[in-house]
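Worksheet: the structure to be examined is printed underneath.
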Amino acid sequence: MDVTRLLLATLLVFLCFFTAYSHLPPEEKLRDDRSLRSNSSVNLLDFPSVSIVALNKKSKQISRKEAEKKRSSKKEASMKKVARPRTPLSAPCVATRDSCKPPAPACCDPCASCQCRFFRSACSCRVLSLNC
(Lines of atoms letter the chains of each structure in order from A and count residues from 1; the text may use other names and numbers.)
(Lines give C-alpha, C1' and ligand atoms only; values in the text may rest on other atoms or scores of the structure.)
Protein backbone atom coordinates (compact mmCIF):
# COMPACT_ATOMS: atom_id res chain seq x y z
CA MET A 1 0.00 0.00 0.00
CA ASP A 2 2.81 2.44 0.86
CA VAL A 3 4.66 1.63 -2.34
CA THR A 4 1.64 2.47 -4.48
CA ARG A 5 1.16 5.78 -2.66
CA LEU A 6 4.83 6.62 -3.16
CA LEU A 7 4.59 5.72 -6.83
CA LEU A 8 1.41 7.80 -7.30
CA ALA A 9 2.97 10.79 -5.49
CA THR A 10 6.06 10.59 -7.70
CA LEU A 11 3.89 10.35 -10.80
CA LEU A 12 1.88 13.39 -9.66
CA VAL A 13 5.06 15.44 -9.10
CA PHE A 14 6.38 14.54 -12.56
CA LEU A 15 3.03 15.41 -14.18
CA CYS A 16 3.01 18.81 -12.47
CA PHE A 17 6.59 19.45 -13.57
CA PHE A 18 5.94 18.50 -17.20
CA THR A 19 2.71 20.52 -17.28
CA ALA A 20 4.48 23.63 -16.05
CA TYR A 21 7.44 23.05 -18.37
CA SER A 22 5.21 22.60 -21.43
CA HIS A 23 3.52 25.99 -20.86
CA LEU A 24 6.79 27.96 -20.88
CA PRO A 25 7.38 30.09 -23.97
CA PRO A 26 10.14 28.89 -26.29
CA GLU A 27 12.49 31.76 -25.31
CA GLU A 28 12.58 30.54 -21.73
CA LYS A 29 13.52 26.95 -22.66
CA LEU A 30 17.28 27.54 -22.81
CA ARG A 31 19.46 24.42 -22.82
CA ASP A 32 23.05 25.68 -22.90
CA ASP A 33 25.21 28.81 -23.23
CA ARG A 34 25.24 28.70 -27.03
CA SER A 35 21.46 28.92 -27.23
CA LEU A 36 21.58 31.68 -24.62
CA ARG A 37 23.86 33.74 -26.82
CA SER A 38 21.94 33.06 -30.02
CA ASN A 39 18.49 33.66 -28.51
CA SER A 40 19.30 36.81 -26.55
CA SER A 41 16.69 39.37 -27.44
CA VAL A 42 18.53 42.31 -25.87
CA ASN A 43 21.08 43.90 -28.16
CA LEU A 44 22.60 47.13 -26.94
CA LEU A 45 23.29 48.26 -30.50
CA ASP A 46 19.57 48.16 -31.34
CA PHE A 47 18.67 50.97 -28.93
CA PRO A 48 19.26 54.59 -29.99
CA SER A 49 21.58 56.69 -27.88
CA VAL A 50 20.05 59.14 -25.43
CA SER A 51 21.18 62.75 -25.34
CA ILE A 52 20.41 65.09 -22.46
CA VAL A 53 19.92 68.75 -23.35
CA ALA A 54 19.67 71.53 -20.78
CA LEU A 55 16.93 74.10 -21.31
CA ASN A 56 17.89 77.74 -21.31
CA LYS A 57 15.83 80.50 -19.65
CA LYS A 58 14.25 81.67 -22.89
CA SER A 59 12.80 78.25 -23.74
CA LYS A 60 11.48 77.92 -20.19
CA GLN A 61 9.72 81.29 -20.45
CA ILE A 62 8.18 80.40 -23.80
CA SER A 63 6.85 77.13 -22.47
CA ARG A 64 5.36 78.89 -19.44
CA LYS A 65 3.69 81.48 -21.64
CA GLU A 66 2.25 78.78 -23.88
CA ALA A 67 0.98 76.89 -20.85
CA GLU A 68 -0.70 80.03 -19.50
CA LYS A 69 -2.36 80.66 -22.87
CA LYS A 70 -3.68 77.12 -22.96
CA ARG A 71 -5.02 77.43 -19.42
CA SER A 72 -6.75 80.71 -20.16
CA SER A 73 -8.31 79.34 -23.35
CA LYS A 74 -9.60 76.31 -21.44
CA LYS A 75 -11.08 78.55 -18.75
CA GLU A 76 -12.80 80.71 -21.37
CA ALA A 77 -14.23 77.64 -23.08
CA SER A 78 -15.56 76.30 -19.79
CA MET A 79 -17.06 79.70 -18.95
CA LYS A 80 -18.89 79.75 -22.28
CA LYS A 81 -20.41 76.36 -21.55
CA VAL A 82 -21.48 77.32 -18.04
CA ALA A 83 -22.99 80.64 -19.16
CA ARG A 84 -26.15 78.97 -20.57
CA PRO A 85 -28.85 79.16 -17.89
CA ARG A 86 -31.35 76.36 -17.65
CA THR A 87 -35.02 77.13 -17.77
CA PRO A 88 -36.48 76.43 -14.34
CA LEU A 89 -39.59 74.29 -14.11
CA SER A 90 -42.69 76.22 -13.14
CA ALA A 91 -44.13 73.55 -10.85
CA PRO A 92 -42.67 70.63 -8.92
CA CYS A 93 -43.09 67.90 -11.51
CA VAL A 94 -41.11 65.16 -13.26
CA ALA A 95 -39.88 65.65 -16.83
CA THR A 96 -40.61 63.10 -19.55
CA ARG A 97 -38.39 59.98 -19.38
CA ASP A 98 -37.18 60.84 -15.86
CA SER A 99 -37.69 58.71 -12.79
CA CYS A 100 -41.12 59.05 -11.17
CA LYS A 101 -41.22 56.65 -8.24
CA PRO A 102 -44.46 56.86 -6.19
CA PRO A 103 -43.35 59.53 -3.66
CA ALA A 104 -42.31 61.77 -6.61
CA PRO A 105 -44.70 64.44 -7.97
CA ALA A 106 -46.74 63.98 -11.15
CA CYS A 107 -45.36 64.20 -14.69
CA CYS A 108 -45.02 67.71 -16.21
CA ASP A 109 -46.49 66.71 -19.57
CA PRO A 110 -50.29 66.36 -19.31
CA CYS A 111 -50.25 63.53 -21.88
CA ALA A 112 -47.59 61.55 -19.97
CA SER A 113 -48.15 59.04 -17.24
CA CYS A 114 -45.87 57.22 -14.82
CA GLN A 115 -45.12 53.66 -15.92
CA CYS A 116 -43.32 51.23 -13.62
CA ARG A 117 -41.48 48.03 -14.49
CA PHE A 118 -39.66 45.28 -12.60
CA PHE A 119 -41.98 45.25 -9.57
CA ARG A 120 -42.11 49.08 -9.38
CA SER A 121 -38.33 49.40 -9.10
CA ALA A 122 -37.86 51.34 -12.38
CA CYS A 123 -40.48 54.01 -13.04
CA SER A 124 -40.42 56.72 -15.71
CA CYS A 125 -42.77 59.31 -17.20
CA ARG A 126 -43.86 58.28 -20.70
CA VAL A 127 -46.18 59.72 -23.32
CA LEU A 128 -48.69 57.04 -24.24
CA SER A 129 -50.76 58.62 -27.00
CA LEU A 130 -49.41 60.90 -29.72
CA ASN A 131 -52.83 62.49 -30.36
CA CYS A 132 -53.21 63.95 -26.89
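Glycine residues also receive a Cβ, built from the backbone N, Cα and C atoms like all the rest.
According to Swiss-Prot, the protein has these features:
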SIGNAL    1-22  signal peptide
CARBOHYD  Asn39  N-linked glycosylation site
REGION    62-88  region 'Disordered'
COMPBIAS  63-79  compositional bias 'Basic and acidic residues'
DISULFID  Cys93-Cys108  disulfide bond
DOMAIN    93-132  domain 'Agouti'
DISULFID  Cys100-Cys114  disulfide bond
DISULFID  Cys107-Cys125  disulfide bond
DISULFID  Cys111-Cys132  disulfide bond
DISULFID  Cys116-Cys123  disulfide bond
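Everything Swiss-Prot records as a feature, shown here on the structure.
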residue: Cys93; record: disulfide bond; DSSP (3 states): coil
residue: Cys100; record: disulfide bond; DSSP (3 states): coil
residue: Cys107; record: disulfide bond; DSSP (3 states): strand
residue: Cys114; record: disulfide bond; DSSP (3 states): strand
residue: Cys123; record: disulfide bond; DSSP (3 states): strand
residue: Cys132; record: disulfide bond; DSSP (3 states): coil
Position of peak Cβ density within 10 Å, selected from the disulfide-bonded residues Cys107, Cys116: Cys107
Cα-proximity to Cys93 (disulfide bond), 10 Å cut-off, over disulfide-bonded residues Cys100, Cys107, Cys111, Cys114, Cys123: Cys100, Cys107
Top Cα neighbour of Cys125 (disulfide bond) in the set of disulfide-bonded residues Cys111, Cys114, Cys116: Cys114
Distance [Cα-Cα, Å, rounded] between Cys114 (disulfide bond) and Cys123 (disulfide bond): 7
In the chain carrying Cys132 (disulfide bond), residues 6 or more apart in sequence that have Cβ under 8 angstroms from it: Pro110, Cys111
Integer Cα-Cα distance in angstrom, Cys100 (disulfide bond) to Cys107 (disulfide bond): 8
Other C-beta atoms that fall within 10 angstroms of the C-beta of Cys100 (disulfide bond): 23
Confidence summary for the domain 'Agouti' (93-132), mean pLDDT rounded: 79
Position of peak Cβ density within 10 Å, selected from the disulfide-bonded residues Cys108, Cys111, Cys114, Cys123, Cys125: Cys125
Pairwise CA distance, Cys116 (disulfide bond) versus Cys107 (disulfide bond), rounded so that it is a whole Å: 13
Residue pair Cys107 (disulfide bond), Cys123 (disulfide bond) - Cα distance, angstrom, rounded: 11
